[in-house]
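Visitor: Residues annotated as domain 'C2H2-type' in TrEMBL: 1-25, 26-53, 54-81, 82-108.
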Amino acid sequence: IQCNKSFTIKSYLVSHQRIHTGEKPFQCSQCNKGFTYKASLVSHQRIHTREKPFQCPQCNKSFALKSLLRRHQRAHNGEKSFQCSQCNKNFTQKNKLVKHQKIHSEDK
């Protein structure tokens, strides 16, 4: 299986090849869901343990995933990274932009 991606570290190549083979060697002991990467399993297990190791320094709210903390922090700092291509309105979250864009398709 080839995708022209190259790696300098063999273990990275082996991990990447799992995407193509569909192999999921890391299995959750709670629900048996399989994962391609160990890091994905570790993140998933927080659903079961309710562990939330990523804390907002501004309001102390905690999150299971670093990406959720970053999304939350955009609300504090007013960062609006997602822009509507139709009207240039900006949003803090991609899902809010997608919901907004539906109003443009309804106008037609």
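Just so it is clear, glycine is given a Cβ too, placed from its N, Cα and C backbone atoms.
Are these features on the surface or tucked inside, and what are their neighbours?
Guide: Sequence-distant contacts of the domain 'C2H2-type' (1-25) (same chain, at least 6 residues past either end, Cβ-Cβ under 8 Å): 34-37.
DSSP states for the domain 'C2H2-type' (26-53), grouped as helix (H, G, I), strand (E, B) and coil, give 12 helix, 4 strand, 12 coil.
Only residues 6 or more beyond the boundaries of the domain 'C2H2-type' (54-81), in the same chain, are considered here, and those with a CB under 8 A from a CB of the stretch are 43, 46-47, 90-93.
For the domain 'C2H2-type' (82-108), the list of distant contacts is 71, 74-75: same-chain residues at least six beyond its ends, Cβ to Cβ under 8 Å.
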